[in-house]
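The structure under discussion appears below in the form of structure tokens.
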Amino acid sequence: MIFPIIFKAYTVYMCFFSNSFHFNICVLYGIFMLHWFELTISRILVYPYQEAILLLTPPSLTNSILQYTFDDSVVPIPKFDAYFHLLIGGGIRARYMLLVCFALPCVAIERCLATWLVRDYEQKSRAFISVTLILISEILATVGAYTVTFKIVGVFYMAVTAGVLQTVSYGIVRVAQQRTKYIEKKCERSHQFYSLSVKFQITENVKSFRVIHILVVEVALMILTASITIALAGLNLVESRHTVYVFFFLEKLIQVNPLFICTAVFCIKPHWFRRLLRLIPFRLKHRTHAEEYVVEHSAHRCSLADAHFEQLKKLW
């Protein structure tokens, strides 16, 4: 749990302060990554019951092996007041699972708007896009968790909806990505009809798509696996004992999913990982003596946009 927390906090920090991505991408990535800590809170609340430290019902006198391994039977709870923290923990976990399902649709909508407004999207923050998407996702996830917790809507229908939503969103991201590549090729063929600013916008949009595509695939595969498993279990096509093992594995996978996501981010941005290694105390002695005399002034720092336009100016 320590390494996922460190990696998650570090990548969120670098995403906001490195100016590598558009503001809306940083907000979406940061908010959805920070919500992972809700899973830790729910784990603490549910842990006594999940590990059988506290029991919902008195132990059976039978020698059933299920009570010592996995028991997927539904236990009615007569009074929620006595198990309030269990209800809260389960609701928080359900809310987090539903909130993750909205990550890919939010990215799909944001990338579609980036493709549509490609002429000046990178120059303007347009924070209302990410804020609106986050608020809608938070409201829908909260309502969905409430309906599932109190059995107003079945888990089967939620799983099917989440699976369809991920598939459609992934298709939208791919279409927007291909559209952006088409605009880039069109710009290369008819470069005299495009300004330097528009060319830079298109180039940055293509780079953002390359980064997002890897993260989108990881999130979509995880959610689709859980959705398909729940759907098959709801149709009684998979035995319950197998379903419980799959859910147990998925729960552990979700708890360490920052390791997979942050690993993908480090592969895309290797200098982030090198900078993280330099922050480790025992690696301080490996720094060269010359680095002590290197002073980096903010006035001498050159952004990517300035370097790009400077090269174009020389070519012009």
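Even glycines carry a Cβ here, placed using N, Cα and C.
Remember, predicted model here, so these are calculated numbers, not experimental data.
Same-chain residues lying 6 or more positions outside the transmembrane segment (12-37) and placing a CB less than 8 Å from one of its CB atoms are 4-5, 96, 99-100, 103, 106-107, 110, 114, 121-122, 125-127, 129-131, 133-134, 204, 208, 211-212, 257-258, 261, 269, 272, 275, 303-304. Positions annotated as transmembrane segment by TrEMBL: 12-37 (among others).
What TrEMBL records for 96-118 (among others) is transmembrane segment.
Residues 23-24, 27-28, 31, 91-92, 94-96, 98-99, 101-103, 106, 109-110, 113, 155, 158 of the same chain lie 6+ residues outside the transmembrane segment (127-148) yet bring a C-beta within less than 8 angstroms of a C-beta in it. Residues or ranges marked as transmembrane segment by TrEMBL: 127-148 (among others).
TrEMBL lists 154-176 (among others) with the feature transmembrane segment.
Annotation source TrEMBL lists transmembrane segment at 211-238 (among others). Outside the transmembrane segment (211-238), and at least 6 residues removed from its termini, the chain residues within Cβ reach (under 8 Å) are 21, 25, 97, 100-101, 103-104, 107, 111, 154-156, 158-160, 162-163, 166-167, 169-170, 173, 177, 246-247, 250, 253-254, 257, 260-261, 264-265, 267-268.
Residues or ranges marked as transmembrane segment in TrEMBL: 244-268 (among others).
For the transmembrane segment (154-176), the residues of the chain that approach it from at least six positions outside its boundaries are 98, 101-102, 104-105, 107-109, 111-112, 114-115, 144, 148, 209, 212-213, 216-217, 219-220, 223-224, 226-228, 230-231, 234-235, judged by C-beta separation under 8 angstroms.
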